[in-house]
Each structure stands twice: as C-alpha cells, then as structure tokens.
Amino acid sequence: MQTDWLKILAVGSGGFIGATGRYLISLFAQSQFPGSTYPYGTTAANLLGCLFIGLLAGLFQLKSWGHPELRLFIFVGMLGGFTTFSTFSHETFLLWENGKLLMSLFNLGFQVFFGLIFVWLGYQLVRLVG
C-alpha cells in the first residue's frame, strides 16, 4: 500500500480543528448549566455535528463538489474529530432516504445497543483486572 501523505495531512489537520472545536463547544455549553451533571457539552457537540454534516453534505451534493482531499478534510477530519455521532446519524439517514428503512433502523438499534454493551464491557474488564 502506497502512503498518500496529502490525504493523511487532510484528515489529521481536519481532526485537529474538529477536536479543538468540540472541546471549546463542550466547555461553553457545559458552562451554561453550572452544577448540572447532564452532559450538555457532549449533547451540543453531537447535535451541532449532525447539523454541520447535513449542511455540508447537502452543499457538496448540490454544488457537485468532489475534491477527494477536501472531502477527507471536512468529513473524516473536521467532523470526525468533532463527533463521530454525526457520521453515524448521516449514514443512518442515507439508508432511510434510499428506501432501506429496516437497515436504517437496524443500524440505529445495533450501534446504540452494542455501544452501551461495549462501554459496560470495558468497565467490567477494568474492574476484573484492577
């Protein structure tokens, strides 16, 4: 496999911007509810990420923008660093929009259910070892 450094740079630099943006948005959102234990910061980042991926995917489709490195920078790097929840939501939406209702519902249920199971499993493994 030949390494394409331009693509790696696009993803990495976009990821830096997205992760930094997520951190700042999370700090701001959580600071609006002092003393609360609800994860407002994560919720804000996830919902904004969904809005951003919808807007940008719609623009890319409407304007036929397709430069591979730009798409990697924005979708994999920036939005991936900002939140993978937006990618999950977008992929589920595309399944639904393309008439694959059952597959979209399966994707939704499978990832949420097993995501929680894997978090629990991680906790159990730490408790077992620790």
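A Cβ is built for glycine as well, from the same backbone N, Cα and C atoms used for every other residue.
Note that TrEMBL annotation is computational and uncurated.
Annotation comment: TrEMBL describes 5-25, 37-60, 72-89, 101-123 as transmembrane segment. Sequence annotations record features per position, and here TrEMBL assigns Na(+) binding site to Gly80, Thr83.
5-25 is the stretch from 5-25, 37-60, 101-123 with the greatest number of Cβ pairs below 8 Å to the transmembrane segment (72-89). Around the Cβ of Thr83 (Na(+) binding site), the number of neighbouring Cβ atoms within 10 Å comes to 25. Taking Cβ-Cβ distances under 8 Å and a sequence separation of 6 or more, the neighbours of Gly80 (Na(+) binding site) in its chain are Val11, Gly14, Gly15, Gly18, Thr87.
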